[in-house]
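These features come from TrEMBL:
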TRANSMEM  77-97  transmembrane segment
TRANSMEM  109-131  transmembrane segment
TRANSMEM  169-192  transmembrane segment
DOMAIN    172-240  domain 'Sphingomyelin synthase-like'
TRANSMEM  199-217  transmembrane segment
TRANSMEM  223-241  transmembrane segment
REGION    256-291  region 'Disordered'
COMPBIAS  264-277  compositional bias 'Basic and acidic residues'
Amino acid sequence: MTVYIGREASKLWKRICSETTTEINLLLDNWKYLLAGLIFQYIHGLAARGVHYLHRPGPTLQDLGFYILPELGQDKAYISETVFTFVFLSFVLWTFHPFIFKSKKIYTVLVWCRVLACLVASQTLRIITFYSTQLPGPNYHCREGSKLATLPKPHSALEVLLINFPRGVIYGCGDLIFSSHMIFTLVFVLTYQKYGMRSCIKHFAWLVAIVQSLLIVASRKHYTVDVVVAWYTVNLVVFFIDKKLPELPDRSSGNLPMSLPLSTRDKDSKNKEENHKLLNGNSADPADWRPRTQVNGKIQEEANGIHDTAMNGA
């Protein structure tokens, strides 16, 4: 038993070291995209903090979801946050599973580049929407009479830039018309839908996304329209980004690619180079590089072809 555990531990350590080397090489090539995506998360939080200064409390708008779903109450608002935390942590752990498990389909760095691209595009649309129109927030701390409904005028720019994390994010107001929690949830679910390997988990993930949507409305954190807009907008964003970005290599077959997949621009340049070689009389295949001789305006493949032509002419 001890020998078996030692052998498996040795295999696991080798797998972790090998995967770490691969991911570091990918990180050296793609760190700019990851850094830009992380910086934009701060910009998104800063924009949400800024719109809180513009928020003016008022009567809660008429909402169909508020009539259909019973109100959970302020003391049960933690339920939706707990579900979102479960979704977030589960997805993060899944993206790092190639370091542990033998069966794998993704590269951690490449998946996060894709996820951050979808988040940045969706959050950009979200910022545009809640700065275009400010609605009175339905959440309890955003209603009339609450001290947190409107922020006092900042004394310095540093007060705004610090965004009072995490309290400023949890008790924000005014960033409506687009649910931030649903952006993250749907991007994670759609990513696992495409690159995950367990169909039962895929079905469960969609069920959790639906439950999360209902909990957000029942907790009065967003209007129903915020959740609806997130559902169709995020799906469209992910669809178009998948069309634009190169496809990720599939590792489930066990045959790991020696290099990363070419982007559309790289593929086009490679095709142009091969066509240029063919037009100049050079084959793209090195095995087909044979000496060619021109006789009477015709190119002969081999010297024997010239001898046969001369004999026929005689």
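Just so you know, glycine gets a Cβ as well, placed from its N, Cα and C.
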Within the predicted model, mean pLDDT of the domain 'Sphingomyelin synthase-like' (172-240): 92
Distal contacts, the transmembrane segment (77-97) - CB-CB under 8 A, six or more residues away: 104, 106, 108, 111-112, 115, 140, 181, 184-185, 188-189, 191-192, 196, 205, 208-209, 211-212, 215-216, 218-219, 221
